[in-house]
């Protein structure tokens with residue numbers, strides 16, 4: 001670029017003539033408008049707005065003008081360059097949008113292609129159901145208690161008012177371990193966890209115990225030597241059957257929906273007195289009256305046998321060191337597998353234990 | 001307990017408008033659960049009438065059978081009064097006999113419609129019926145021949161044969177043994193209709209006083225046999241038939257009619273609940289004695305089983321030795337038979353515990369034993385014996401001997417001290433003293449109310465009532481379980497799930513996220529399963545806890561490892577076409593440690609802390625394990641390219657993933673352990689403690705279990721891992737100054753573990769090192785035989801400044817120097 005031309009007489013500079021500048025400007029604008037894509041526009045920018053473009057060269061000559069002419073020429077060239085740059089920016093924006101649109105179209109894929117490189121995992125419905133139930137009770141302030149599967153006979157039976165000659169022992173066909181005189185069994189119910197809880201905690205006790213249990217049942221569509229139970233135990237001052245009913249109604253409603261409550265029928269369990277069977281209002285036909293004889297879930301009875309419950313027998317409290325003058329309690333228990341079966345319409349208990357991946361996978365990771 | 005309604009109605013007045021369904025429902029709500037409601041005979045429709053056989057012509061047939069072409073007088077039942085022509089295949093009748101005829105238009109059980117049809121060259125207009133065809137039993141020796149005085153031709157036989165009835169089958173809980181009788185169910189039915197006076201006790205009969213002339217009975221074990229009543233009938237006609245109503249009732253109640261004498265003993269047992277035994281008096285040798293068995297004694301019971309007796313068994317003996325298992329089953333030598341004319345009737349009260357033990361010991365379940373082991377009303381023996389004698393002589397002739405034997409007396413009941421307020425307190429709603437009192441009286445209890453409460457003497461048929469809370473149930477069930485209000489108890493604020501419980505869920509979710517499917521398998525295992533794992537003879541996993549009564553002799557023990565169950569599941573899935581699976585299971589295993597026996601304590605007090613500890617000491621260790629398998633393709637092939645086969649690395653990575661979500665730092669080193677491939681097995685450690693193993697299975701194990709080749713697996717002690725879970729993760733601090741990256745390739749011997757090289761690099765690199773990652777392993781000619789090249793990416797960063805030129809390089813060199821020194825690594829350049 002030249003320096004200010006102060007030492008020279010004014011000269012006439014051709015490129016700075018108005019018509020010349022306009023010609024240069026118009027040529028540039030025409031070229032910009034004609035540029036078809038960003039590459040072409042890049043060349044146009046070099047040709048018409050670059051350092052060696054006519055307008056840039058013209059700009060350099062401004063210094064050669066006599067001072068009185070510089071201002072006018074400077075304005076003229078400046079306006080022309082401004083117009084060119086503005087046109088360039090506008091054209092760039094237009095071409096960029098066009099370019100992006102074209103590119104996005106070109107990059108289109110078939111989004112219906114399969115995407116699963118790795119098969120999904122899942123958790124077992126029994127685990128999920130156990131956790132779901134535990135959560136319902138934890139939400140009420142209860143805690144989840146656990147105990148061993150291989151259990152002392154005293155805890156599985158005697159402490160629960162099932163003495164050595166109690167007829168109820170024949171109701172529960174027990175797996176005994178070798179040697180039998182060691183008095184160790186596979187727990188036949190989760191009730192020894194209740195005994196353990198009472199032996200190790202002081203009231204108030206509000207616990208729920210989900211877990212595996214064992215009976216010497218032959219394996220078929222509705223029986224299994226191993227299955228799952230959940231039991232609940234409350235020991236506190238002033239606990240009544242009404243509290244038991246309230247708890248089970250709440251449990252039923254939480255698990256099966258509004259309006260699904262329970263019915264008690266007198267029954268017998270050595271560890272509770274009074275005892276009751278718990279029936280669940282059929283959540284499919286909702287026990288509509290007249291009974292829906294075709295209901296496959298309750299077989300037209302309107303009620304589903306769900307489990308057992310009762311007031312903790314004071315003899316059990318005594319064996320576990322709870323002051324029976326001060327405390328009463330209630331307990332309940334039901335089959336998790338069975339609950340799952342009727343809740344989800346599973347027809348064969350063996351599906352739970354055969355491990356076919358199609359079974360667990362159907363339940364995902366939350367139920 | 002099956003209860004024919006016609007029989008029940010004899011002992012309880014039921015409102016006419018009470019449907020059987022409603023009665024069954026009310027009894028269910030009282031505690032006798034409806035199992036089934038049957039209506040036998042209701043699927044039969046007439047005309048079903050008495051017919052008199054007028055003529056019968058035997059006609060041999062080509063097929064070898066002989067049929068009888070009969071004419072039968074059916075009175076006006078056929079509308080004409082003319083004899084009815086009927087073809088009959090049976091031969092147990094003669095002209096003049098009264099038979100049962102179903103005429104055309106009638107329907108027999110199973111929807112069998114009768115019409116006049118052509119058969120054997122005749123038009124047979126109806127059918128002469130057998131018991132079986134009418135659903136009256138299995139007897140198909142021939143058609144029913146009615147007694148001569150049964151009625152006249154054309155009379156309807158529905159009433160005569162007691163064809164139609166309703167039978168409610170109840171499930172009886174073990175505490176309600178009294179309901180194993182019509183007497184007991186009738187008593188409950190009276191409660192069900194709210195009128196105790198509706199009940200008429202069949203046991204309310206006056207019996208003759210005992211005297212010394214009865215059959216001699218010596219009870220040598222009064223604790224085992226508190227009451228023994230005996231009566232004698234002589235001149236009994238063994239050929240006398242059982243009346244139809246009686247055999248029908250027995251049949252509907254679920255027992256098989258056998259002979260009049262046997263049927264009567266069963267009838268009275270069903271009626272009153274008191275088991276009865278009848279002896280052929282002519283085959284008894286000397287007095288009946290009751291004692292415990294002596295060593296070596298044997299008896300053949302009515303089921304023709306020769307049994308070795310246990311010294312705890314209560315037995316009935318005569319001069320010939322044992323003649324019956326007392327209270328459970330009689331013996332063959334003195335059995336009532338088709339020639340018995342002299343019947344000695346036994347009705348005794350037995351110790352339920354002894355009955356239970358004998359039944360269990362001999363695996364013998366009988367109707368008598370079922371009642372005796374649950375507890376029978378001890379006031380019944382004399383009454384029941386008298387009732388049997390009455391029925392025997394009424395229907396079988398003979399005379400009841402004047403001698404009345406009664407040894408012992410019903411033990412008196414201890415009254416239960418309680419309060420009439422207790423039922424309401426326990427139930428949680430208002431139950432007035434008056435209601436409680438009424439309810440207790442209704443079940444037959446005696447009440448003595450005083451200033452301190454009430455003394456309740458339970459009725460003799462309720463041995464189950466011993467505690468105040470037993471009486472609470474009696475009151476509340478009558479008030480109605482359905483009126484118990486529903487009230488949530490106010491639980492104190494809880495602590496939520498324990499940390500271990502939360503972490504276990506986290507482990508499950510993590511593995512599911514990693515593509516593993518959770519399964520649950522049985523914990524039973526057999527030697528062949530452990531052999532298939534290739535466990536050495538001295539492997540600690542062979543020390544199993546055996547079951548005394550396994551379901552399968554193939555799997556007689558509790559497993560010490562989750563892998564057998566898991567591998568069988570892999571094989572099952574592969575067999576069903578799923579050859580690419582990733583499975584996991586979290587479950588406890590059973591590790592015996594040679595503990596002693598678990599004590600049995602009393603239940604009248606809490607065991608001491610030491611006693612509780614002794615219980616736990618006797619139990620095997622039962623740590624929670626986590627096992628997983630991965631087979632076939634870990635990643636599927638697709639439009640994106642090739643799939644990826646599952647490998648040892650997937651198993652190790654799954655364990656690492658679990659450790660990572662627990663914030664546990666695990667290390668891995670090579671190990672040799674069955675069932676893994678000896679060159680592809682990793683030990684998983686926390687510090688110096690081995691928590692488990694992961695890697696590819698030994699090829700022989702894959703073959704033995706039938707799982708896809710190169711299946712990988714892992715098993716770790718999850719409890720131990722959870723113990724190391726970091727409770728409080730300290731927040732990291734990190735630098736935002738620029739990173740300096742340096743890659744190095746180090747050549748080491750094949751046998752040098754990459755982890756060692758990495759550790760050396762880490763130690764040598766100093767504080768500026770941010771991370772090291774092995775990104776390539778290379779072997780080949782350029783490297784040389786027995787060597788491998790490990791390429792590591794090192795990242796350096798200072799916490800407080802930008803690194804100066806050369807600083808990272810110097811740290812890298814220091815790292816390489818350390819690796820060279822410790823692992824013989826040579827840097828490739």
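Positions of Cβ are set from backbone N, Cα and C atoms, glycine also.
Remember, TrEMBL labels are computer predictions, not curated facts.
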**Report entry** Listed co-binder of Mg(2+) (same site as B:470, B:473, B:474, source TrEMBL) among B:464, B:482
**Finding:** B:464
Report task. Give me the mean pLDDT over the domain 'TRNA-binding' (B:42-158), rounded to a whole number. Result -> 87
Query raised in the report: For the binding-site residues B:464, B:473, which Cβ has the most other Cβ atoms within 10 Å, all shown protein chains included?
Result: B:473
Report summary line: The correct three-state DSSP answer for residue B:464 (Mg(2+) binding site) is coil
Report task. Rank the binding-site residues B:470, B:474 by the number of other Cβ atoms within 10 Å of each Cβ and report the first-ranked residue. Result -> B:474
Query - For the domain 'B5' (B:411-486), residues assigned helix / strand / coil by DSSP - result: 31 helix, 13 strand, 32 coil
